[in-house]
Amino acid sequence: MKMKISLHIPSYLTVLTWFYCLLIGLVTGAVAFAVSVGVSSFFKGVWAAIVQDIFSEEPGGVGGLAWAYAKFAAANLALVLSGAVLVLAIAPVAAGSGIPNMYAYLNGIDIPDFLNMRTAVAKVPASVLVVSGGLAIGKEGPLLHIGSIIATWFGNTPLFTRMKEAKDKEPFAYEQHTRDLVLCGAAAGLAAGFKAPIGGVLFAMEMASRWRPELTWRCLFTTAATATVIRASTASLNSHFLLDKGGECKHKNCDILSYGSLLSFSVNFTNKTPFRETGLMIILGILGGLLGSLYTTLNTMMIGSKRWGYRNKTWARLLDIGAVSVLTSVLRIVLPWMGHCLPKKACDDCPSVAPGAAELQSFVNYGCDEDSYNDLAALMFNPQGFVAKMLFQEEMLRFTGTSLFIFTLFYYLMAVLAYGGPIPAGLFTPSLITGGALGQLFAWSVNKMFGMNLDLGLYAFLGAASLLGGMFRFAVSFCVVLVELFESDAQIPFLILVLVFAKGVGDRINQSILNHLCILLGLEYVGGHPDSTIRRKGFKAKDIAAKNIPKLHPMDSMENINKALDADEHGVFPIVRHTYLRGSSHSSAPVENFIGMVSREDLEQHLEKLQEEQEGEDSDPEAPTFLLSERLDASVDLTSLIQLPPVVLPPEMPLTTVFRLKNASGIEYLPVVGTHGPLQGLISRHELVDAQNKHVDPHNLQQRLDILTKEPFLARAAALSHIYHDVTVPLLGDAHLRRSMSGRRNLRRCSSVF
């Protein structure tokens, strides 16, 4: 018997999806590289030139040193305000990193204007400007948002839209094809910022509520394309513009990517496997968890108590971020006077031997001679790329403990103040720099107190990991991101150890910064709590299900339909049929057997169609016409509209299972049905979020934020909705779930300006 061999040919939608993944990776990599070069060019051409004037022995121009200080602060202020004006004028939703909004979007929440091209037009140049303005923010978070916008643009092309609409959809479930592309774009954005393709996939996996095996391969393919573009562009820049055929530098711009980028970065640690120092690493992880959770609390309080009050006043928001810029510049100028003059490293082949950029070699105006440098000034005035390299290098005693402490406190507090303004702002780079300074300060202190010889660069590396873990609580992805960024796979066991302790300590104090921002902005994110926390409460499906839901019958009167439409809060109506149990008399109360659901959109379209048919049948044009909704005694057949829900829950189902089912399937409505068919309630996103925020969360975060902002959870979302250009049409609305007439749905379809 011959075996018949058949060849499986993928569908057009599958082929198109893979092709779009390739395009998303290529375009995201190109945009990310352009942003990196733009930031580095601003640092090189504007910022470093002014700082060089500050460091020179005889500052030129009118007013001498005071004029150089004023130019430095004014240049930073101009860059920051330019970026803020771009955001507020073109797309207010471009402010912030975009990661909390993406976190909620991937959970199933539609956010207007968040993923359209107008937002990218504002975010790309604004990111270059504000990062170049010297604020304690990064560009890697905005790159994730930009990658998602690129993916959305491809997902909204007519060809892809027609193909995905042709696929069968489950009733009352979220559409997934475009969200899958957006997830690939988010992974590509992170991979572009940290040259970490695998780390980008793992970050997307930890951020997504629903994950399928095929998504892993698509995201890997996308991030591989991104990494190829980044590396090819870097090599092309070096070979064609910076280096000659012999590998020698053509001019002074050979290290231009080091000014504002982490793309050319690698570190070699002297002691790669210090297992005897495990106890010290655990202490550092605990310290990073404490500071990461404290940052989350301080930043949330800053946004909720202060910035929330003037979120609708453009002049106040510009004044706010302008004040932060001026304060940051003033502290950069003043604090180096508290630094120490350290001898420069002897180097026969190096024309510059002080740490940092080649322009910043003279520290005469900060009390240092030609053979020494001011350690705190080197940290304050160097661009982010050079600061990161200085902190993670393995050299001993490059910075004093006092300077490290001052710089850590400065960067930590400035990051608290800067994030939340009307500017694109990421937290990855500030966390790396602050955590690196913290780790090096920790190792320096141990060396001084106990006479040990800890590797300062290694502990800076672990300190950065601990602060990231304490803030975001994404242990696995950040471990891989840092390993790929620093090319240091030998430190994986220590990274995991530090991240686990940082996350564990942070979870005991508060939720992650993403969950804080989602609740602060009224985004109904489902999840974020471990099963053990939910299980301890002992809730069942029947305990949280909404009971007072308008019900309809297969053949119902117009009066009942009108009442149901007026009382609707969910956008869906359960259909029940009155029956009697076997053996019971007809004098007893009937049982409402649940037979399916009808969406509000389908019901309204059906009524409009019946109204048109009625008007067409009326042959006398002079006869008075009656609207169908006014004929209360008219009966409407709803049988053709009834759809069976994919999942029906028993009343005793544990709440942990309900949460897992919701996030795994993306089903919008979960009916709770008793043994003999009666409907006992309906569970939607609102009921789950209400249960987790009011009853499950051990930190009572929603109640605290309600008090802090003086507005309830859903009202916060409604208060932000008017700033968008078009809030009536969702950007990526689900075809079967659009509930434009539902008040609560309108409250949920909004986002953040922060």
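Backbone N, Cα and C atoms are what each Cβ position is placed from, and that goes for glycine too.
Bear in mind that TrEMBL entries carry predicted annotations, made automatically and left uncurated.
According to TrEMBL:
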- 641-701: domain 'CBS' (DOMAIN)
- 12-35: transmembrane segment (TRANSMEM)
- 77-99: transmembrane segment (TRANSMEM)
- 143-160: transmembrane segment (TRANSMEM)
- 181-203: transmembrane segment (TRANSMEM)
- 278-295: transmembrane segment (TRANSMEM)
- 399-419: transmembrane segment (TRANSMEM)
- 425-444: transmembrane segment (TRANSMEM)
- 456-483: transmembrane segment (TRANSMEM)
The domain 'CBS' (641-701): DSSP-derived helix, strand, coil residue counts: 25 helix, 14 strand, 22 coil
For the transmembrane segment (12-35), sequence-distant contacts whose Cβ falls under 8 Å of one of its Cβ atoms, 6 or more beyond its ends: 124, 127-128, 139, 143, 146-147, 150-151, 154-155, 159-160, 163-164, 166-167, 177, 180-181, 184-185, 188-189, 192-193, 218, 221-230, 233-234, 263
Remote residues contacting the transmembrane segment (143-160) - C-beta distance under 8 A, at least 6 residues beyond either end: 13, 16-17, 20, 23-24, 27-28, 31-32, 35, 94, 97-99, 101-102, 115-117, 119-120, 123-124, 127, 177-178, 181-190, 192-193, 226, 424, 426, 731-732
Recorded stretch, among 77-99, 181-203, 278-295, maximising Cβ pairs under 8 Å relative to the transmembrane segment (425-444): 278-295
Same-chain residues near the transmembrane segment (181-203), Cβ under 8 Å, at least 6 residues beyond its ends: 17, 20-21, 24-25, 28-29, 31-33, 102, 105-106, 115, 139-141, 143-152, 154-155, 215-216, 218-220, 222-227, 230-231, 262-263, 265, 426, 428, 474, 476-478, 480-485
